[in-house]
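Feature annotations, courtesy of TrEMBL:
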- A:28-184: domain 'Cytochrome c assembly protein' (DOMAIN)
- A:24-44: transmembrane segment (TRANSMEM)
- A:56-84: transmembrane segment (TRANSMEM)
- A:91-109: transmembrane segment (TRANSMEM)
- A:129-149: transmembrane segment (TRANSMEM)
- A:161-181: transmembrane segment (TRANSMEM)
- A:201-221: transmembrane segment (TRANSMEM)
Amino acid sequence: MWDVVHRLGSPRTFYTIAGRWQPWLWALAALLLGTGSVWALLFAPADYQQGDSFRILYVHVPAAILAQSCFVLMAVAGAIFLVWRIKLADMVATVIAPFGAAMTGVALFSGSVWGVPTWGTWWVWDARLTSMLIQLFLYLGVIALRGAFASRDGGARAASLLTLVGVINIPIIKYSVDWWNTLHQPATFTLTQRPAMPAEMWLPLAVMVLGFYAYFVALTLTRTRSEILRREGRKRWVLELGS
Amino acid sequence: MAFESLNAFLNMGGYAPYVWPAWGVTLAVLVGGGLQAVAEHRRRLRELRRRQRRAAADAAPREAAPRKAVPRGSHDARA
Amino acid sequence: MQPRTSVAGLGPALLATLRRDLTVALRRRGDLVNPPAFFALVITLFPLGISPVPEQLAAIAPGLLWVAALLATQLSLDALFRSDHEDGSLEQLLLAPQPLAALVLAKVAVHWLLTGLPLALMAPLLGLLLSLPSGSYGVLAASLALGSATLGLIGAIGAALTVGLARGSVLLSLLVLPLTIPVLIFGSGAVQAAAMGGDVAPALAMLGAQLALALMLAPWAIAGALRISIHG
């Protein structure tokens, strides 16, 4: 069993397998995102309360979901790296961090733009948006800590540990922000909390979420391959790729 | 179809100034990220090829030791 | 089986760490004054920056006091391991046969005793300056005493991660402040509840729960972070 783990964890095997999968995943992502976008923008019915501004949901929610899963995945990769010292796990974590931060930024942006027609202001200290903002700071901290170390291995281990601390804290932060929010704004209208959505509304959302995930996997594979080339650039098998 | 005309679609029921920036920024980040990732990979491969050529050029005059021109892992040899 | 007599037990080692850290800290009295002075100074700035009207100040006093105390504890975190790192005693601690997590806990306890507790004790005085409603002073001190222990434990993780870095102190705030938000929310929540005559038990219980969780997990994280920082 350990043999399998180590083979999969070998950058060389990963590079080959990911190279084979990557075009299909990009195609799948383009297909899902394309269909989802057309469906969400053209065919999904407008919301009876929010009208067509509701269509922001189709980019806001997938970005928010992905931003959260990225942190969890980063923590899993960090734990694997800390325990088994599999370098590939750290490469994946390195690559996920900026993307997760970007998705958090996108979710914050679309959320606050959505806030204008719904709340009348660009920013409301809504529980979801506030947790998102804190999550952005967590991402920035992990990225900054990794960059601050002179040795790559030290930075990798420190960032992994901070990610683990962060992932334990995220549910606590979410819970406390919710508590704080209900304390101060008893009955605000939350953007995405609504009575059960009809199928013609959530089906395109599901397609968009899947599309975002497919995109994420494709992007991570491609960027991890580049990271392998960057870090292992002096290994024999990598040099042979160049010829 | 939820819209009757192209204009109605672009107008988004009056919410155009909100819907389009939100979608635009999201899609721009996705497309930009994808293009950047692919470009990055191409650049790494190009660099690799350049290094390979240089190593070959270095090795050529001294036929005796072609291996020596290939620098082995230095700082990341640990893990 | 023969007992290993050459190695001191955990208890004596903990006591020795406590005593050593207390002695070292008490010899540098100047550093001890900094967090309380910073706390008082920041609180002085708010009436000047906002308004001296007592009603206005009283409304925001719980939050102000908590944020100022939070920042004051941040101030001292950078020094938590730095001087030990510079004189090499941190490496001795890492080499000690006793579990590092426990020894580190002793260090954090000393830190709390010398910064968190004084801040908690002086907070009611500053509350007076901000016309905090009477009846909430006890809760203010209690919430700060509980909360600053959690802050110290979380902050020590950040301090341990950045101890090897030349300019770690700015980074330290970026790493630690987002993690302290739950403590801030429940801490100032407790004081606010007390000021409005509400039930303070839930918020204080949450602070206690956070402290329990931090006590359980943070020492391991601190120990791991120190190992990473020292041995790269």
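In case you wondered, yes, glycine gets a Cβ from its N, Cα and C as well.
Values in this document were obtained by computation on a predicted structure and should not be read as measured data.
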Can you give the mean pLDDT for the domain 'Cytochrome c assembly protein' (A:28-184), rounded to a whole number?
91
Among the recorded stretches A:56-84, A:91-109, A:161-181, A:201-221, which has the greatest number of Cβ pairs closer than 8 Å to the transmembrane segment (A:24-44)?
A:201-221
Below 8 angstroms Cβ to Cβ, which residues of this chain, lying six or more residues outside the transmembrane segment (A:161-181), approach it?
68, 71-72, 74-75, 78-79, 82, 93, 125-127, 130-131, 134-135, 138, 141-142, 145, 188
